[in-house]
2 protein chains.
Amino acid sequence: MTLQNAHTSAVPQEPSGRRTVGWHKDHVTGDRPDLRVPVRRVHLTNGQDVVLYDTSGPYTDPSIETDVRRGLAPLRENWITARGDTEEYPGRPVRPEDDGIKHTAPRGGLRNLDAVFPGRPRRPRRGRDGTAVTQLAYARRGEITTEMEFVALRENVSPETVREEIAAGRAVLPANVNHPESEPMIIGKRFLVKVNANIGNSAVTSSIEEEVEKMTWATRWGADTVMDLSTGRNIHTTREWVLRNSPVPIGTVPLYQALEKVDGKAEELTWEIYKDTVIEQAEQGVDYMTVHAGVLLRHVPLTARRKTGIVSRGGSIMAAWCLAHHRENFLYEHFEELCEILAAYDVTYSLGDGLRPGSIADANDEAQFAELRTLGELNRIAKRHHVQTMIEGPGHVPMHKIKENVDLQQETCEEAPFYTLGPLTTDIAPAYDHITSGIGAAMIAWWGTAMLCYVTPKEHLGLPDRDDVKTGVITYKIAAHAADLAKGHPGAQHWDDALSDARFEFRWEDQFNLALDPETARAFHDETLPAEPAKTAHFCSMCGPKFCSMKISQQIREEHGDGSTAVAGAYDAEALAGMRAKSEEFAAGGNRVYLPVVD
Amino acid sequence: MTLQNAHTSAVPQEPSGRRTVGWHKDHVTGDRPDLRVPVRRVHLTNGQDVVLYDTSGPYTDPSIETDVRRGLAPLRENWITARGDTEEYPGRPVRPEDDGIKHTAPRGGLRNLDAVFPGRPRRPRRGRDGTAVTQLAYARRGEITTEMEFVALRENVSPETVREEIAAGRAVLPANVNHPESEPMIIGKRFLVKVNANIGNSAVTSSIEEEVEKMTWATRWGADTVMDLSTGRNIHTTREWVLRNSPVPIGTVPLYQALEKVDGKAEELTWEIYKDTVIEQAEQGVDYMTVHAGVLLRHVPLTARRKTGIVSRGGSIMAAWCLAHHRENFLYEHFEELCEILAAYDVTYSLGDGLRPGSIADANDEAQFAELRTLGELNRIAKRHHVQTMIEGPGHVPMHKIKENVDLQQETCEEAPFYTLGPLTTDIAPAYDHITSGIGAAMIAWWGTAMLCYVTPKEHLGLPDRDDVKTGVITYKIAAHAADLAKGHPGAQHWDDALSDARFEFRWEDQFNLALDPETARAFHDETLPAEPAKTAHFCSMCGPKFCSMKISQQIREEHGDGSTAVAGAYDAEALAGMRAKSEEFAAGGNRVYLPVVD
């Protein structure tokens, strides 16, 4: 069964004959018993069901007992080992400084290992003899991997379409061989628009538990990937906990950890420290990494007259390094070596836009586009090494300058997936930047962006809490879905249609269960009409029982049948005669424009 | 002083030499002493100030004592009487049924008059001998009224531009002669995009006091007009209270009150009852009225096969009336007579889109566009009678179908101002429809919509409370401002620039005071870094003191001066040599990429 035909099928009755109204976690199965694609199956009161894409992982599956100290089951482990092109190896020893513990730490320099993930279950794995074990390499060889089959079922397209898009570099399937817990997903403009949520502690606040909780919370509301942007202590351990428990691909910015290892002194960064950090993270299972290799020495002065300079943390670190040494960015100079490392684990590049604009005034300037041209060059190099690659984008951009960003990126980077932060369409609304950026995100996704990095209400002001994460994810799911509709994605509109049908027919519980956020929709309705009968009332809480346009419309439909005859000939005499007859019927029926209120 | 040069001027020091940081209500004055255009003047800590458009009325002016039982001062009264073309007259007697009090009311049929506005200060006024006393009529005669001068100052354009746009029908200045309390504003695509907030009680909930409070609350956050959509009891009295206290134009849908007068039975509506209601409301001072004259008998069957039928309340009432009588819409048939009434008070038409789509599936269908063609016809008739006219628009529309709406409306209605509800770009997010529609609103405004009707988080679910009104207004101010930027409005970007400058220079208090919602921005910052020193700290709460990209950028700027030389020659050898020298200076300075943290 595919997702598309699933959404119109009736749900089997329970033995008692009563149906469970609401929704449950379900799976669409493929050819192999272990190919079970998670879906959210919503049961409607009219006996139909609607099947929706689901990112929440095993946490919403009552048949699976999860335990964050044990981690999730390694769904992909057999698929990876069956390919026979990887090998286990001892791996890089974990060192205290990986977690920011300095030489002066107590107990003879050893850190307290209690915080280390108790269930780290496997030795790391990598491509045998440096083989590229990437989905891109397989796709180019014409191989359809199980991961590709999985996303084909998930996106309701053919496996061959998935393979083609990956092979062409127009899509990525981030799937580090050391993160077998992840459920495969695909990022590319031919597929559903995806949403990333950022989590991460900082020197100022937050804890490991909070970050794991934010990850499961974000995916519950629909985040397709999560980036762990931790910058303070316990970076390594936080990431281990997040990875072992994450059903979605995890991204990072290795530069943040590398900088911690040199006590925050950018000029002391070296390629060796950076490379060691990338290997450390690749062995843990990070699926994609933001790499700021496009910030070149000659680009830095282009930012000096900007209103807001360099606002990317990674970008500013590399700029400072370039200036301190008056040398070219070491990430640019060692890019081929970096490609070889990433190819051996199937880590996907997210080529960072370190010079993205941080204000409306700086949008689409020479600094930004000079870096984009460099990212185009790096994209070609990465592809030579079979490394999957996506390109990061802005930032702050007014609406009329958004399309140029996508068009230029697609041209410069040979249609590699674009992964944008918003963009924010105005600077004037701190505390509402999920909205200033949700506007830009919907537009840029319509025009071709494949994944949107969310922005929360706390952007520019503080670290997001649980509520902010939810608000950010839901805002971005709206933007992504609005773009899916505008792009005409064949699997998109059935969701809107199902909800609008429920609305027109006053099936309130169905409206709530189909909503992106059922809890809040139900709570808002309760505020105005708390009584249970109102959930089945044939009027809306906005207008009250006497004044409901939906009811009048239903009356019109009843009087006109399905309207087919009248619509076809709306302007000719015969139809008008038919309408006259209908009008007489309507009068004979007592001119009732309002149905009696239920209860 | 105009708004544009005002924003760069320094604020006079207070006698003590200390400046007040924050903002205060100020006025920009014109040639006449009573021509005082309200502005919000934000004082920055760097000694500059920024002047912003202000809709909050006298309520934010500490020099004026307001009293909701007395109403606002009649700012425009002298301007109106000085024109000498209006006359006072006894007016239509107010009847119990105007407030929904039926014949069986206690005390001999007399309602309790305590609720009537105690200070109703004037007899109604109208054009002498039926003269059209509209801003359109004056503009066409080449007259620049004081109202036009006022909006010219407010929008920072020439009075002649204002007159031309009104004369051409491309803009409206809603200003009923019986609402002299209003501060003139203009709605047209050449001007700043405006936002309307809906208030109104219903049969289910709400009270008079709440509605007046919602009106002042909405204008405080930036609503440019307010529509009172009350449908329950006390319609007349609620409206009187709202009008006498409103500094912004007030719109209504007279059909709602007319229907109350016939006990909610659409088929019992008559032209006479409707006309009486329009006169009642025009005498009170309603500035613009939504009139559903475009819902024709032949359009009704076009909606029968829709997913969500007719979702406009006014549209469904008129459709039911047409079907019940099998006659053409009486508003269409009496449209010329209606024009004569509106012209005598300068009530502006808002030609309602009774057949707007209520779901993604129904967007841009034949029912919607057939009505739009009729609205084009009605627009021409209204203009013959010198009645100012705007056209209402959808609704629910996916992004790729939005532009067609504006283009068709502008063509069909000779560029009359478009006034749209959203549109909502997806149906799947009840409880977040301020966001689904804020996306569409920003886009449609960029493409030419002149005023946006807000949508609150409670849309489809319940009646908005105080918080919802604020969220709706702020979301729509974001959409409107994003559109002003995209349209290149000359007065728009200085606001973004001022805020981004403050952000780059870590002037936290300036960021808060410049924000659309200073209170929430400050509160969010407090959550992460509550201590007072953090408000002057040279780092952001997201990254903490060690890791701030803004600080690194400032360092780059310091090292590069303003960057002018380096930018100009970024790619030639001379510039690279200059950079090398700079790099040596940077190293000599101790390679400090992080400034010391203040406090």
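Every residue gets a Cβ built from N, Cα and C, even glycine.
Since this is a predicted model, take the numbers as computed values, not measurements.
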Among B:Met148, B:Met227 - the residue TrEMBL places in the same substrate site as B:Asn198, B:Tyr256, B:His292, B:Ser312, B:Arg313, B:Gly314, B:Asp353, B:Gly354, B:Leu355, B:Arg356, B:Glu392, B:Tyr419: B:Met227
Largest tally of Cβ atoms lying within 10 Å of a Cβ, found at which of the binding-site residues B:Gly314, B:Gly354: B:Gly354
Protein Cβ atoms within 10 Å of B:Ser312 (substrate binding site), excluding its own: 28
Span of B:Asn198, B:Met227, B:Tyr256, B:His292, B:Ser312, B:Arg313, B:Gly314, B:Asp353, B:Gly354, B:Leu355, B:Arg356, B:Glu392, B:Tyr419 around substrate - largest C-alpha separation, Å: 20
Binding-site residues (B:Asn198, B:Ser312, B:Gly354, B:Arg356, B:Tyr419) in Cβ proximity to chain A, threshold under 8 Å: B:Ser312
Mapped DSSP class for B:Gly314 (substrate binding site), helix or strand or coil: helix
Counts by DSSP class (helix H/G/I, strand E/B, coil) across the domain 'ThiC-associated' (B:24-87): 11 helix, 22 strand, 31 coil
Three-state secondary structure, B:Tyr256 (substrate binding site) (per DSSP): helix
Proximal but sequence-remote residues of the same chain as B:Tyr419 (substrate binding site) (Cβ under 8 Å, at least 6 apart): B:Ile187, B:Asn196, B:Ser350, B:Met390, B:Ile391, B:Glu392, B:Gly393, B:Thr449, B:Ala450, B:Met451, B:Leu452, B:Cys453
For the domain 'ThiC-associated' (B:24-87), the mean pLDDT of the predicted model: 93
